[in-house]
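Pulled from TrEMBL, these are the features on record:
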ACT_SITE  Cys380  active site, nucleophile
BINDING   Cys236, Ala237, Ala238, Pro239, Gly240, Gly241, Lys242, Glu262, Asp297, Asp330  S-adenosyl-L-methionine binding site
DOMAIN    135-468  domain 'SAM-dependent MTase RsmB/NOP-type'
Amino acid sequence: MSVFPQLSMKPEVREHLSSVYRGKEVESEFDKDEVFEALLSCLSHPPLFTCLRASTHLHPLQEIQHRLEQHLAQQKRAPAVYTHPQLPDVLLLPVHGPRHVDLLASEVIVGAQCGNAVLRGAHVFTPGILSTPKYMKAGDMVSVFSDVEGKCTRGAKEFKGKKVFLGNGISEVDRSELFCSDGPVKGVAIRMTEPLYQSPSFDGVLTDEVFLQNLPSVVVGHVLGPRPGERILDMCAAPGGKTTHIASLMGNQASGTVVALEKIRSKMEKIIQNAKMLKLDCIKAYCCNSIHAVSSDPAQEYSADLIAIFCIFVDGPPYPEESFDRILLDAPCSGLGQRPNMTYSWSLKEVCSYQPLQRKLLTTAVRLLKRGGVLVYSTCTVTLAENEEQVAWALKTFPCLTIEPQVPHLGSEGMQGAGLSCDQRRLLQRFRPELAWRGAHFAHSPESLLQNANTDTIGFFIAKFIKNGEKCTQA
């Protein structure tokens with residue numbers, strides 16, 4: 001059900017995206033215009049479920065589920081906790097909304113990013129607040145709105161611009177503590193008591209047992225299929241959700257290694273923090289631009305034995321070619337599949353800038369992958385250029401690559417328009433929430449809810465490649 005405006009974006013970006021979904025080459029059993037409009041609507045709303053990945057390397061799923069249910073039972077409206085029918089390490093909590101919430105006289109305006117977090121169950125933290133009533137005190141009941149166009153001035157006492165209602169909460173601080181010369185106090189500023197979308201906050205909850213992660217991101221780890229004893233590379237790893245999942249699926253065994261690369265040091269340190277929090281010690285994180293993660297001399301060849309010795313004594317990048325059994329490239333992308341998001345401010349030039357970067361990263365990935373190894377490429381965007389077109393380019397550029405079936409395959413097949421055959425598109429996995437939203441009226445029985453768990457997600461794309469045995473030369 002739509003309660004928010006469609007995702008707003010620059011006209012040229014909308015036209016670019018429209019051409020993907022309304023193009024002549026696209027054959028669909030659904031009305032193309034209806035599907036495109038559904039896409040813009042669903043992206044501004046939160047998914048139907050909150051997805052938690054359980055640390056099954058530490059405890060059985062049922063034990064974690066029981067402890068989570070006990071914790072949530074202390075809340076006023078304790079949500080049900082379901083196990084996912086196909087993913088053995090996933091717990092699902094239904095998001096209830098939109099709910100009827102009455103507007104209050106006092107209004108607090110938060111930034112769009114903060115507003116998106118509130119719609120996923122977060123409270124309002126102090127850095128996210130832009131405007132409050134002049135005399136707001138701790139204990140005041142307030143209505144919280146999101147400034148979807150980014151036009152509210154920080155410190156304003158009122159705001160007349162475009163805003164979206166998120167729900168009601170109780171102020172934890174005085175206005176004077178938010179807008180002072182020493183900077184705002186830290187912590188929760190507004191505790192949400194009546195959110196428009198009811199979803200529990202997981203701040204500090206079972207921190208070593210559950211990890212908030214979008215469902216398609218969990219699917220990626222299973223598709224990669226890590227095994228104990230393998231050497232695995234996560235090329236663009238921050239904040240470490242997929243890295244830690246890979247390590248968990250390997251059983252956190254010392255015989256294997258997950259190498260996580262991230263070019264921004266503060267983000268790399270976040271990976272280390274998450275690994276420690278989840279009690280995973282087979283992860284090695286390095287600050288490195290993954291484009292440069294392979295040895296600079298592409299003509300230099302090493303035997304498998306020499307590579308193994310190198311990997312024992314030299315931990316960090318750059319690495320010799322064919323150093324890894326499996327590689328995950330969750331590539332930097334335009335992020336047009338993220339939910340909820342009410343405003344997308346990037347220009348078409350910025351959106352299109354990711355394709356060349358992704359191809360450089362793919363080239364490095366192919367060089368670093370062992371013959372017979374697995375490469376999984378994924379994005380959280382919905383464009384053709386960053387998804388199916390990249391698959392077509394990779395197959396043409398690297399004859400050693402073939403597309404492989406994915407297990408599990410919970411999403412839709414790949415989209416038309418990139419020159420891939422029908423059989424090739426069936427091997428791809430695209431999560432398309434717009435198909436679930438197309439005229440949808442979701443029922444709220446447990447059975448009906450779980451049927452939609454795999455469809456009402458963020459927009460996401462996954463491709464799985466195998467590197468064949470012959471020497472891989474770039475075409």
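Just so you know, glycine gets a Cβ as well, placed from its N, Cα and C.
A map of TrEMBL features onto the structure.
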residue	record	contacts (Cβ under 8 Å, 6+ apart)
Cys236	S-adenosyl-L-methionine binding site	Leu261, Glu262, Ser290, Leu329, Asp330, Ala331, Pro332, Leu361
Ala238	S-adenosyl-L-methionine binding site	Glu262, Ile264, Lys267, Met268, Lys270, Ile271
Gly240	S-adenosyl-L-methionine binding site	Ala260, Lys270, Ile271, Ile272, Gln273, Asn274, Ala275, Ile283, Ala285
Lys242	S-adenosyl-L-methionine binding site	Ser217, Val220, Gly221, Asp234, Leu328, Asp330
Cys380	active site, nucleophile	Asn214, Pro216, Ser217, Cys333, Gly335, Gly337, Gln338, Ile458, Gly459, Phe460, Phe461
For the domain 'SAM-dependent MTase RsmB/NOP-type' (135-468), what is the mean per-residue pLDDT, to the nearest integer?
91
